[in-house]
Amino acid sequence: MTDSALRPYNFSAGPAAIPEPVLRRAAAEMLDWPFPDGRRSGMGVMEMSHRGEAFGIILQQALDDLRELLAIPDNFRILFMQGGGLAENAIVPLNLSHGEAASFVVTGGWSQKSHAEAGKFCQARLAANAAVQDASGATSYTHIPAPESWQLDAGSRYVHICSNETIHGVEFHQLPDLAALDCNAPLVVDFSSNVASRPMDWSKVGLAFGGAQKNLGPAGLTLVVVREDLLGQAMQHCPSAFDYTLVAKNNSMYNTPPTYGIYMAGLTFQWIKAQGGVAALEAQNIAKAQLLYDFLDSSSFFSNRVDKACRSRMNVPFFLADESRNADFLAGAQQRGLLQLKGHKSVGGMRASIYNAMPMAGVQALVDYLREFEAKHA
Ligand SMILES: *Cc1c(COP(=O)(O)O)cnc(C)c1O
């Protein structure tokens with residue numbers, strides 16, 4: 001294995017960098033997972049029955065650690081599922097909508113997809129749409145419409161937001177308080193790309209879901225946190241494996257859960273605890289984001305176009321003033337061990353994803369490179 005000092009910084013939007021101690025621990029336990037009491041299991045985690053003693057311990061530890069880290073109240077159930085964030089765009093309406101109305105706040109590419117998919121299963125209403133068409137017809141998202149301006153349909157079974165738009169770099173720094181807007185519907189939050197990067201105010205939330213591959217572990221695991229009173233409402237044709245009530249009743253083992261993903265997420269939860277928990281990571285994430293945005297704002301060559309009030313701490317899209325140098329920029333970055341900085345195809349430019357696993361030193365190395373590149377080419 002390479003020495004940690006030689007490992008490049010990985011700015012991928014997802015699947016994204018995993019903390020190195022997590023990878024090392026998984027590597028050490030690959031062939032023979034040890035019980036906490038020191039007994040050897042004689043098996044790797046991928047080879048274990050999900051109903052055996054060893055995996056039972058892994059699952060329970062992961063559930064307990066996650067509940068503690070995110071301060072998830074007792075009246076919420078934690079579900080480990082498959083299908084990713086995109087499948088949840090269908091699974092949520094199948095479980096919550098009764099085929100009736102649901103409202104969507106579209107602030108970027110992901111909530112736009114959620115709104116479109118839900119339309120197959122319910123009456124998907126647009127409560128707000130932040131899309132702006134520029135002169136060339138391209139769509140951009142750079143702001144969050146004020147919650148007071150949202151058109152919240154009285155009959156909506158739920159209101160959907162994406163708390164961090166991974167592609168467009170737009171983040172809710174405060175969850176909306178629907179009750180204060182005279183809306184009794186539960187808030188559904190796609191927190192795929194900022195889960196565990198900051199504390200969560202569960203008093204405002206009915207359900208949150210996210211794929212694991214941004215901040216929690218490998219792709220293939222989907223986290224759902226659902227308030228108990230929202231269970232038991234799935235539509236008749238909801239696939240059994242996607243019925244939250246059945247998944248909850250069977251402690252995420254209605255069918256075989258993504259066992260290795262749960263194990264890796266569990267190791268990540270332990271790593272987060274060792275960092276001082278989610279609040280400590282939030283402080284680091286604020287500092288990392290500020291370092292990068294401050295540089296971008298001070299630069300005449302690089303820029304970020306998102307409103308300062310809702311800039312993402314996790315995903316920072318940016319542009320070169322001279323786009324003909326994009327390929328040059330990426331090649332130089334690669335050479336310095338700054339990987340996967342190319343922007344999403346729908347936005348262009350660059351994107352630096354600086355999730356929990358990205359250390360301050362990685363952001364500093366990026367800013368050093370940006371400064372040097374600007375001095376050479378501006
Ligand atoms: C990555 C992502 C998704 C999609 O997740 P899949 O696992 O690819 O289905 C959905 N929402 C957000 C906010 C994401 O960042």
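Even glycines carry a Cβ here, placed using N, Cα and C.
Pyridoxal 5'-phosphate is bound by Trp110, Asp190, Gln213, Asn255, Thr256 in TrEMBL, and the record lists one more residue there from Thr139, Thr142, Thr166, which is Thr166. If you take the CA of Lys214 (N6-(pyridoxal phosphate)lysine) and look 10 A around it, you hit none of the binding-site residues from Arg51, Trp110, Thr256. The C-beta environment of Trp110 (pyridoxal 5'-phosphate binding site), restricted to residues of the same chain at least 6 apart in sequence and closer than 8 Å, consists of Gly85, Cys162, Glu165, Thr166, Ile167, Asp190, Ser192. Shown are the binding-site residues Thr166, Gln213, Thr256; of these, the residue with the fewest other Cβ atoms within 10 Å is Thr256. For ligand 1, the nearby binding-site residues are Thr166, Asp190; that is, of Arg51, Thr166, Asp190, Asn255, Thr256, these have a C-beta under 6 Å from one of its atoms.
Within its own chain, Asn255 (pyridoxal 5'-phosphate binding site) has Ala241 as residues 6 or more apart in sequence whose C-beta sits under 8 angstroms from its own.
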